[in-house]
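Annotated in Swiss-Prot:
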- 1-97: region 'Disordered' (REGION)
- 13-50: compositional bias 'Gly residues' (COMPBIAS)
- 51-89: compositional bias 'Low complexity' (COMPBIAS)
- Ala191, Lys192, Asn193, Gly194, Thr195, Gly196, Lys197, Thr198: ATP binding site (BINDING)
- 296-299: motif 'DEAD box' (MOTIF)
- 358-518: domain 'Helicase C-terminal' (DOMAIN)
Amino acid sequence: MHHPRARYPPGYTSGGGGGGGGGGGGGRGNGGGGFGGGGGGGGGNHGYYGRGPQPQPQQQHYHHQAQQLHQHQQQQQHAQRNSSSQQQQWLRRDQATAAAASGEVAARTAAQLEAVDSSSEDWKAQLNLPAPDTRYRTEDVTATKGNEFEDYFLKRELLMGIYEKGFERPSPIQEESIPIALTGSDILARAKNGTGKTAAFCIPALEKIDPEKNAIQVVILVPTRELALQTSQVCKELGKYLNIQVMVSTGGTSLKDDIMRLYQPVHLLVGTPGRILDLTRKGICVLKDCSMLVMDEADKLLAPEFQPSIEQLIHFLPANRQLLMFSATFPVTVKDFKEKYLPRPYVINLMDELTLKGITQYYAFVEERQKVHCLNTLFSKLQINQSIIFCNSVNRVELLAKKITELGYSCFYIHAKMLQDHRNRVFHDFRNGACRNLVCTDLFTRGIDIQAVNVVINFDFPKTSETYLHRVGRSGRFGHLGLAVNLITYEDRFNLYRIEQELGTEIKTIPPQIDLAVYCQ
């Protein structure tokens, strides 16, 4: 059924073609550069091989004889057959060789053992692994202790999901938090944006859930609806072999739909604090069996608009609940909350410096009226996979998106005053590469992880170092390289100096030519 609506829904501007899935150019191309890093998917079992060459005729003869022997054994006494097959199956290769009296028996035992060996490794060989990510990575994610995911004794089904998601080995924050979370300890973790924090709590949460138990066992709280959708998607992908039911619940969506969904099994609930508290008070969302509460972007969740809801929500949890708090910044509000609800947490601090190592930061002094012209110059000179452009107000977001479209570049926009359905659609399409550029407010700074974004532009310079940190953290995700360009007016100059001092980082003057190696490897 056709619903009458404007030709271009909110968030979509009418100009420029939109940079197609992987590899297509968009609009006027933003100064070239293949889009989205080329074809990912496909490839099947990279780095893994099949079961080896076909057996030679001699081997086939042995296999045939082994089959005949096995059929002959089946006709013997029941107890004898059980004991002999059990014994033969678990003999090790060296024991089998010693025990074998004839070539036929040795071949039969070897064939059985080969089947046992392959079955123990088969699950890895049969995984549908994505193409390996060969881009350069910084120490933010490579400076690990050398652990593997298998070292944590996770369920095999969870390991399958981890590897198929493209995770190869744990990042530093994952190495620190996964084993501690599995012991049941409370955690207060501070790590940079884009270093794998989401998986650091999703993996232990999925490991601890019992799929046979029809109850909400883990709640993950996040500050924005977009982050809730993204986090739930990560949980679904990592846990796709676990038969765990994941639900998202946020404000701005139908309460009736959430109520109906909660009458079905739900093991893991991801959402914003207000909506989850509302459902809990109504008695629809029952948290008496919830053993783990995760707070992602904890500093934002403890802002005045969220903190009362969170404190009320904690009272619905059992006394022995586990609390995990993750954030890049921990202001005073977090310390007060910690003293009240986390008396003895395990503290993880991986913040020797605040900004990501892979992000190169520049500023350009401009007059307000020159900003659009300056942006046009950046588009023509930079090799942009995808860019996020930040403004300080909703009105300026829409105006700038219109200007960018008039310049001939593909552009979406997103802000908090849009309908939730429109926000979801813009977020989904931008993530899937339908467009090169996204103009937005600070709504989009928290935890949003889009790997193809290699350039962030602060069209309006932020007022606080915390906002700056979260904005530039949208590029250079998971140790890859990124570029942050700040357009600075005369009024912004003191803010620029102050933010440099607070973050202990250097924001350099933009050079006439930017080396591709600093943001495109």
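Any Cβ shown, glycine's included, is placed from N, Cα and C.
The predicted model assigns the motif 'DEAD box' (296-299) a mean pLDDT of 87. Taking DSSP states H, G and I as helix and E and B as strand, the motif 'DEAD box' (296-299) has 2 helix, 1 strand, 1 coil. Of all Cβ atoms in the protein chains displayed, 23 besides its own lie within 10 Å of the Cβ of Gly196 (ATP binding site). Classification of Gly196 (ATP binding site) by DSSP places it in coil, neither helical nor stranded.
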